[in-house]
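> Pasting in a structure now, in structure tokens, and then I'll have a few things to ask.
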Amino acid sequence: MSGDQHADRSSGEKSNGDQDDTVDAKPDRSSRLSLFAKKKKNGEEEQPKSSLSNQYRIVTPTFQYNMNYKKVGKCIIINNKNFEDKTGMGTRNGTDKDAGDLSKSFRSLGFDVYTYNDRSCEDMQTLLKQAAEENHSDAACFACILLSHGEEGLIYGTDGPMAIKHLTTLFRGDKCKTLIGKPKLFFIQACRGSEFDEGIQTDSGPANDTLETDANPRYKIPVEADFLFAYSTVPGYYSWRNPGRGSWFVQSLCSVLNEHGKQLEIMQILTRVNYVVATNFESQSDDPRFSEKKQIPCVVSMLTKELYF
């Protein structure tokens, strides 16, 4: 089997929405199986005014990131679909739908979205280095979305793999001064290994068991603070993608953002994404090696405050 692994039951030609689920990994592996309080003139704290979307939040304002900036921030999407033959990687069909849906979802949250297709390792590093060197003083946060093949700790450019940390560390507090104390969000759709999640039966599942497939630079803070990494899967495992419908993780993320992105805190959003991916998706294939597999996303947060868009 070449390219990504496949997994959706059908016969003959498949429609765009009924194509096989695939994984973002090497073919040879898969074959082996809040706003801050403001000071009044008298020195008393003035609570920030609440919009209709957040007036029912019971949160201490100083524990929320300040989003009261001219811009929400920049969102960079790197969408790698086609790879050089030397990488041994197949075409990531379905990723264009992911990129398009992500662009719409993040624009609706107020981000300035920029999408870059089929970038080499050097291109990705240059692109994000330039972004880190920009002046983000008028922005509340920064987001980056990587859509590609991957392995644990690695993301693939069109010409091969590179360490994810070589991209993310460009935005550390000691390198990107204008994002100090502001949330830096990374969403990564890629495999992190070659294991399959077989899933397990539970007696406490949902009733319907049908499965488808601020910154405040006056304080000294750690350089690694205020990062959030949302991975499509846990370390060591495959990440599934359908060539017609897009990836399980990205489509679930977009769905939750579209419905709750302006009401819920970021960890609430991502917890719901975890639930949707874990309960609503299961791979199906005529090949039993790739059938009835599951997936659970993984969130790694170094955020120091609550984040509401």
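Note: Cβ is positioned from N, Cα and C throughout, glycine not excepted.
Model, not experiment: these values are computed from the prediction.
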> Of the ranges 39-42, 71-74, 95-98, 259-262, which one does Swiss-Prot list as region 'Exosite'?
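Result: 39-42 is the stretch Swiss-Prot calls region 'Exosite'.
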> Work out how many Å separate ARG192 (site 'Involved in allosteric regulation') and HIS149 (active site) at their Cα atoms, rounded off.
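Given the Cα positions, ARG192 (site 'Involved in allosteric regulation') is 9 Å from HIS149 (active site).
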> For CYS191 (active site) and HIS149 (active site), determine the Cα separation and express it in whole Å.
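Counting only the Cα atoms, the answer is 6 Å.
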> Please count the residues of the region 'Loop L3' (234-246) that DSSP assigns to helix (H, G, I), strand (E, B) and coil.
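Counting residues by DSSP class gives 0 helix, 5 strand, 8 coil.
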> In Å, rounded, how far does the Cα of TYR231 (site 'Involved in allosteric regulation') sit from the Cα of HIS149 (active site)?
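About 13 Å separates the two Cα atoms.
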